[in-house]
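Enquirer: Got a structure here, written out as structure tokens. Questions coming.
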């Protein structure tokens, strides 16, 4: 059983024995390996000592060189191994792990050559065996082509090293200045080449398809090294395939005409001055060569896109991030009648009057309606302000009818900073109340005043007396060719669903009128029976009217207190009578 379990001898691989317990047969290669290790053991010990007292010193006579061993091969007991020194010795060197690149004379045989080139894997030194002997190769020191060692009596040095891995290929260091961008990394803005290494394009919209900035095939100029601005790495994809928003104007000018009363060209007087003739600059946007696909213009997408550029080498002023204006949602200033008339190419006449500071007379009122972006500015409200008692009395009369759907509160105030702060605080409190419809502050636009002649007034009165058909057929349209003007005071309306909410809103608004008697005005206005701003308030309005005729389901706390006092008084009277 044991003999069948043992491994058999492999004739192709004699180094492998039949079993780990059975000694392996000696082959010429193993004999040569044992001989080399025995010969080098003393050399290794002598190399380790190096004068160290811990290691015993070996006499030089006991050491033999390889040349001397070959000369005394007849006296050596291993002469049968040296006779076959050719191929066997080369294989023994490989098995012993000897590196031929070590110091000392190189072992060169007649029938073998050792190669120490690095391989892909860390394997021992490969041996290339050749059948033809190398010319001029000899193992004796006299015929060796290399230089003789200084001490021939000393044995040659053989250092056993592990295989050396292949050295990495060292590439030359490339400077950052030597890296040039591709030719299509260039943007032209106002006839200037912008270096894209200092630009970051950020977009959060998917509607910017077709908005591209044309790129030129020129090499981008590198920014100056002394500017102190960091370089930003350009994106990997070319800029010609990216969508860009319009570049902002370096002067920060708006894209469209601004007719807001809070514009920069404002005055502190109640009427106009000579400087009002100048129009506010409505400068156009940046001039960028663009290619349009599908939509026209840069303002086609309703999104916010930012273009943040670093300082350029030309020294141009940089602007901060700016929102791109939407085309679908326009600002309130663009909804003014004056701007709409300009868009429709309506011609405006310029009155032949002199503009000056001061109050406007009735016969010179036409100079107020010249073509300008200025608003009519007022420190105080230009009309008669009713008293608080009149406003409150009219509100109470409306509340007695139990329906206030045809009533509303109008607040008019100037744009003084202190007044605006107080009004905003009241608006914040109104927003927390129930059953209210609040408007945002808005402006009023005014047209040219005209006094109608008596015949026009007579025709209108007759049409009203005749009835609805005559009034419908009346055609009295009196026009003008002057530019409408807007006043700078703000307006706001409040619509309440029930009398409870109307009186509650008045309690918040009337203190403003009391604090600013010339800058804030509160009115009660009437409308037709059109209903509420939204139908959701109809249930609350009907419940208020019905609730006045229903009996309360619970006894008020005042009645309970009165009843308890009466019971206590009756009990006290009974006690007094019993005594």
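Just so it is clear, glycine is given a Cβ too, placed from its N, Cα and C backbone atoms.
As annotated by Swiss-Prot, compositional bias 'Basic and acidic residues' applies to 1-11. Per Swiss-Prot, the feature compositional bias 'Polar residues' maps to 99-133. Annotation comment: Swiss-Prot describes 216-236, 259-270, 301-316 as compositional bias 'Low complexity'. Taken from Swiss-Prot, the feature SUMO cross-link applies to 175, 180, supported by similarity to another entry. For 203, 205, the entry in Swiss-Prot reads phosphoserine. Taken from Swiss-Prot, the feature region 'Disordered' covers 1-30, 99-161, 206-335. What Swiss-Prot lists as region 'Non-covalent SUMO1 binding region (SIM)' is 200-208, and the listing cites similarity to another entry. Taken from Swiss-Prot, the feature motif 'SUMO-interacting motif 1/SIM1' applies to 199-202, supported by similarity to another entry. For 409-412, the entry in Swiss-Prot reads motif 'SUMO-interacting motif 1/SIM2', with the evidence type similarity to another entry. As annotated by Swiss-Prot, motif 'SUMO-interacting motif 1/SIM3' applies to 500-503.
What's the neighbourhood like for each of these?
Expert: The average per-residue pLDDT of the prediction over the region 'Non-covalent SUMO1 binding region (SIM)' (200-208) is 49, rounded to a whole number.
Here the motif 'SUMO-interacting motif 1/SIM2' (409-412) is broken down by DSSP into helix, strand and coil counts: 0 helix, 4 strand, 0 coil.
A Cβ distance under 8 Å defines the sequence-distant neighbours of the motif 'SUMO-interacting motif 1/SIM3' (500-503), meaning residues of its chain 6+ beyond its ends; these are 395-396, 398-399, 404, 407, 409, 433-436, 544.
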